[in-house]
Amino acid sequence: MKVLSSLAAALIALSAVDVEAEHVQRSLILGGGKVPVGSKTYTVGLRTTPEGDTFCGGALISPTHVLTTASCTAYEEGSSIPHWVAVGTHYLNGKKDGEQLKIVSAQNHTLYDASSFSYNLAVLTLEKPSKFAPIKLPKADGSDIFPRVWSKVMGWGVTSYPNGKPSNELQSVDVRVWGDNACENKLGVDKSSLCAGGEAGKDSCVGDTGDPLIKENGRGDADDILLGLSGWGTGCGDKDMPSVYSRVSAGIEWINSVIKK
């Protein structure tokens with residue numbers, strides 16, 4: 001949910017899905033509302049400059065590490081390259097709040113497949129520790145996720161489709177997680193992805209990727225769990241058509257191996 005970039009705007013043919021639709025990277029917030037200022041401060045925006053527009057999302061998972069999608073770090077010709085992250089900010093750009101930290105390295109998941117978006121995960125290492133608390137990671141066995149559990153996706157993307165403008169303030173929308181079999185049957189994804197959404201008019205959509213999909217446990221932001229990162233979908237806000245997210249639990253072993261180095 002942020003500014004549309006050439007990386008995020010790329011349209012990719014979806015041969016595995018039996019629908020006539022664009023396989024597009026996400027996201028945008030349809031049918032949601034503003035996140036209260038000063039909350040969900042583990043949410044991260046990727047930027048090319050400290051004050052520039054956010055073009056991809058992520059989540060702080062340790063004081064010095066951000067989890068995002070590998071598609072956000074792809075150094076393709078004409079694409080935006082992240083050099084900075086904005087942590088804890090409510091706004092699309094600027095230095096009004098939060099903190100701006102330099103990225104010193106980016107490591108994509110070893111099994112990342114750019115054609116299918118399997119294992120679409122990347123860990124960014126920061127130059128210095130963030131002052132904000134990181135979000136909790138899910139259990140490796142996937143037990144934090146089950147069919148129809150409510151989740152929340154957040155970001156700065158456009159709030160109307162197809163001609164909307166990016167939101168200057170952090171937005172969120174609540175979506176339900178699909179069961180694995182239903183997700184695979186609908187969109188042909190593997191176990192490194194999960195589906196959420198499918199309620200008409202409420203979705204993440206065309207734009208940047210990497211925005212966090214979280215589960216709230218009713219005990220405040222410190223107890224939120226990172227379930228996924230916004231990836232791709234077919235259409236926007238269509239009934240019975242979910243969006244696809246990178247499943248964080250599928251990469252836990254790899255994530256831990258990177259952040260503990």
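Positions of Cβ are set from backbone N, Cα and C atoms, glycine also.
Bear in mind that the values here come from a model prediction, so they are computed numbers and not experimental data.
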Recorded disulfide partner - Cys195, candidates Cys183, Cys236, source Swiss-Prot: Cys183
So how many other Cβ atoms are close to Cys195 (disulfide bond), meaning within 10 Å of its Cβ? 27
Nonlocal residues around Cys183 (disulfide bond), in sequence order (Cβ under 8 Å, 6 or more apart): Val189, Ser193, Leu194, Cys195, Pro242, Val244
